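Let me begin by presenting the structure, written as structure tokens, before commenting on it.
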Amino acid sequence: MPCERKPMRYDHSEGHTEVCYDDSGRFIVTCGNDGDVRIWESLDDDDPKFITVGEKAFSLALKNGKLVTASSNNTVQIHTFPDGDPDGILTRFTTNATHVAFNSSGSRVAAGSSDFMVKVVEVSDSSQQKTLRGHEAPVLSVTFDPKDDFLASASCDGSVVVWNIDEQTQVISWPLLQKTNDVSNAKSLCRLAWQPKTGKFLAVPVETKVHLYERGTWDHVSTLSDDLLTQPINVVAWSPCGRFLAAGSVGGALNVWDASSKLCVERQKHEKGFTVCGLAWHPSGSQIAYTDTEGCLGLLDGLSTSTSNTTTSSTKVAVKKPANDFDDLFDDDDDRLMDEGLSDTNSPAKKPAAAVDDDDDDDFLVPATGRVRNRAILDDENSLDTGSLKLGRDKFGEDDDDAGSAVMPAAAAPLVPLRPVYDGPMPTPPQKAFQPGSTPAHLTHRFMMWNSVGIVRGYNDEQDNAIDVEFHDTAVHHAMHLTNSLGHTMADLSQEAVLLACPSTDELASKLQCLHFSSWDTNKEWMVDLPKDEDARALCLGQGWAAVATSALMLRLFSIGGVQREIFSLPGPVVCMVGHGEQLLIVYHRATGFDGEQALGVQLLQFGRRKRQLINGEPLPLSRRSYLSWLGFTAEGTPCYVDSEGVIRMLNRSLGNTWTPVCNTRETCKSKSDHYWVVGVHENPQQLRCIPCKGSRYPPTLPRPAVAILPFKLPLCQTATEKGQMEEQFCRSVLFHNHYSFLSSSGYEIDEDGRSQSQKEQQELLMKMFALSCKLEREFRCVELAELMTQNVVTLAIRYASRSRRMALAQRLSEIALEKANQIQEEEEEEEEEEEEPEYSRPTSGYGQSGRHGNRRNQEEEEEQGEELREEEDRGQEMETEEPAETRRRVNPFAKEAGSPVTPSVTPTAKVGRANPFKVLGSGKPSSSSGQPRVTNILDNMTSSRKSSPLSGAAGKQSKGPVLKPLAPRPKTKTQSTLLQMTGTKASNKKTPENAEPAADRQKQPDVPPPSAPAENTENKRPKTGFQLWLDENRKNITADHPDLEETDVIKEAMGRFRTLSADERLSWTERAKGQTGDDATDLKKRKRGGGGGGGGGGEEEDGPTDADENSAKKKKSLDPSSKLSAFAFNKS
């Protein structure tokens, strides 16, 4: 169906317009936002007749010389046509009528209104009215059944309803559309159309497709679609013959389908891409008039709607083309190749020599449809609309009548390929750059930024062009009102500054403006002009820096004071970017997406002393056929984003920087058209802060939207079961507490209480899952869970398994506990070896290479200079106030209490010596685990074996004191006491690295062997449990009864017998074991006081009480979590 698109012409002032033809097809009639109805004799008519019907005209209909209009004075008026004389008011509404339509005979008019009502009025007697009530929002459109039995209407409540006119009842209602609160906010006008004459089909535009519903059954019988359509369809209209359906869309696309074959037979594009809001067929079917939202009128001419003359008329168009047409640049062979997609062997130019009359009849392959498809491809500017690529087989099958039957007999016809040039997935238009936390730029009142710091609103109406900045915490800064004379369209807000940017104009360059309100000087504003032909596309603020991505695929980095710091090229056009502290997250187009997908890439950079790229151009995962709608960081600094399907994903640093879905907001939406607009994410507490938007994707500025808090939920399998729920809680807890490791490795202070609580929570969940697996007799699964537990929780699991009579499981768990104990021992040995190196770096090193990069060679040289250590310590204490900033652990600005101190050591502070501010930890690990007992009694020791991950930062970044883990403090257990009998006070001194006195002790006792030396003997010297004492006494009886038992079987047999004892007997054995332990502790204290000898006696006597106090305090703390878990374990059984 070849046609010619005529140039658009001015019709009405900017705004909604509608168009129709009179019955004869002589006049084109339009109405518009200026309140006029204009009557055009043709598109070239420079002096159309006009009728003023009101301040604004929203809709019109014309039949039998009667012109009906819906105007802004809440009335539906009638005028004579073409004279334009007023003929009275048909009906009134309480608010504006939105659409009017005649029935097929012209005897009735239907009108829909914003007051939710539809009225059907007799033209001859306006008092004869029927009112159809049932819609819950403004009515979008109405249309009559050609047989006058039914009326269909679409509404902003999301429904399309078919009414029985006489009974004034609903026949059927389909929830097809997105809900909105007003016609002006609707994504589509949803102009319905009933097939003329037969009325067999009702056409309903739904998103980018047209649904056809059958009259009577009301079944959805077919869908008309086109892969090239990406924007919602606004209006549809049937051809007078009822075979073809035309559609105009929001993006300016014009399509014509053959309803019987469901093929798209014509594609055209609005010359400027404006929204098509009015569409009408000429009574002859040869023209389509259309209007847009900018008040312009256009025409598609030369349409042929009859089946018989489609081929001939298209051939004539090809012949009559002017000489300067693009197609004349190409010969017939080229046309054939492009149109039919032939292979080389089938192309006319490369036919095999066996072909008859090859030279004479080259043009026998020129297709019947001539150059129409070729022209559609060549004429299109952006080559997205590839013309009639999807024309059907019937079009290709109709070859030219004069094809030369002698050359190509009828039998050979099937050799011609019957498929289009390209039938694969179509490219997806790339999404435009946007600012996360902003609403669309075309709104007069909009949010330019809503984040965790505050809100930036933009106003651009007739009275004012201004920007308001409001802070959630007014202690940061008071609210600001800025005049927007430069026309800024982008903004970002941080605790330090407001960053604004405007696009370039013909006269002015694109500008970046920063209001640095936290500056201590009087000049709090700076501005930068970007180079010519370079526009700001995205911007963001971090801690002490500002970044802007431009249309030249560049990223420019500035200091917060305006110094240009860095510039680098981006791999693709930026989509959006955000900053947080020292991190910069950039999302860009890495390629062209296909089939509705966006191909996005992501970069994550970290600034600071050592700039590095954490994620380098990895693809950004999105839901199917979705786009990115929000990008940001959690309050704790973890990158996350939201796609248009409402799925929130968060970076999982512990799994190789993968993205884990943590929430789907669509699950909590009541309606398909409702959405949540995300404004912030918090990991501790786990909160998703967002604004519910009813019938929209974003909120209005007024009234002020209320922020809702949604929970997170990982999409694990079977979360309805108890097992699935606990697995989801555990995985979520692990994921949401990864930020502690990252912040710690980046050198920030972290909330140790929060970290301890999270570890405790995870271990409790593991224990619950273990108990559940035991009940289900899944012993292998129990062992898998035990691998994830800390050592003290494994001991609880052993006891639970023993009480559940699962001896094989208990035995395997004992092996796991032993492995964990050995692992702790190895780690302790490594740590002690590293700590034996000098722990104080020289002030003269200036924290250059040795301080910041952990230069081990310098440390080894200092190890040889042991005599100078005491002088070094004294000197460090004198210079405590001049301590370089890099030695302090940086305060985490994103924690709830930014300035909170590191959790204090458990050691009583009154007895601790002054801390050396220049101390560098040798291993780069927190020293909290340095006092961990190296070989442990599995059933007695309740301390955690989990090690905090090594810090990736340099040694110079460590804090003055250790970072303790309150969940698992390391008590001075009985085993350690045994070790201390041989090693003096060295291990206990390492327990309190803040204490300056142990340095002196190490000076005085350089020859004391490290605690690892007698490791093999400690197994025999550890205190015994009640069961072990009982076993020692009864071993002979057991071996006498069962002489052939191995040691493990002896222990099993003994455990069985021990369990048969009464509770009182078992308690007495336990008391005896405790009594021995108490005696051991008393002996140890005596040995410590009296066994110093030499030069270290005085220091040890002073340390004695300190160690005892510390021991009791830590023991009390470590047993607390275990006791809760053990209570749980035994209650379950």
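The backbone N, Cα and C atoms fix where each Cβ goes, glycine too.
Automated prediction, rather than curation, is the source of TrEMBL annotations.
Feature annotations, reproduced from TrEMBL:
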- 1020-1088: DNA-binding region (DNA_BIND)
- 825-838: compositional bias 'Acidic residues' (COMPBIAS)
- 860-871: compositional bias 'Acidic residues' (COMPBIAS)
- 922-931: compositional bias 'Low complexity' (COMPBIAS)
- 932-951: compositional bias 'Polar residues' (COMPBIAS)
- 974-987: compositional bias 'Polar residues' (COMPBIAS)
- 991-1005: compositional bias 'Basic and acidic residues' (COMPBIAS)
- 1032-1074: compositional bias 'Basic and acidic residues' (COMPBIAS)
- 1099-1110: compositional bias 'Acidic residues' (COMPBIAS)
- 1020-1088: domain 'HMG box' (DOMAIN)
- 330-362: region 'Disordered' (REGION)
- 821-1133: region 'Disordered' (REGION)
- 9-41: repeat 'WD' (REPEAT)
- 132-173: repeat 'WD' (REPEAT)
- 233-267: repeat 'WD' (REPEAT)
Mind checking which residues of the chain, 6+ beyond the ends of the repeat 'WD' (9-41), have their Cβ under 8 Å from one of its Cβ atoms? 48-64, 67, 69, 71-72, 79, 81-82, 84, 277-284, 289-298
Across the compositional bias 'Basic and acidic residues' (1032-1074), DSSP labelling yields 36 helix, 0 strand, 7 coil
Summary of DSSP states over the repeat 'WD' (9-41), given as helix, strand and coil counts: 0 helix, 16 strand, 17 coil
Using DSSP, how many residues of the repeat 'WD' (233-267) fall into helix, strand and coil, respectively? 0 helix, 23 strand, 12 coil
Can you tell me how the residues of the repeat 'WD' (132-173) break down into helix, strand and coil by DSSP? 0 helix, 24 strand, 18 coil
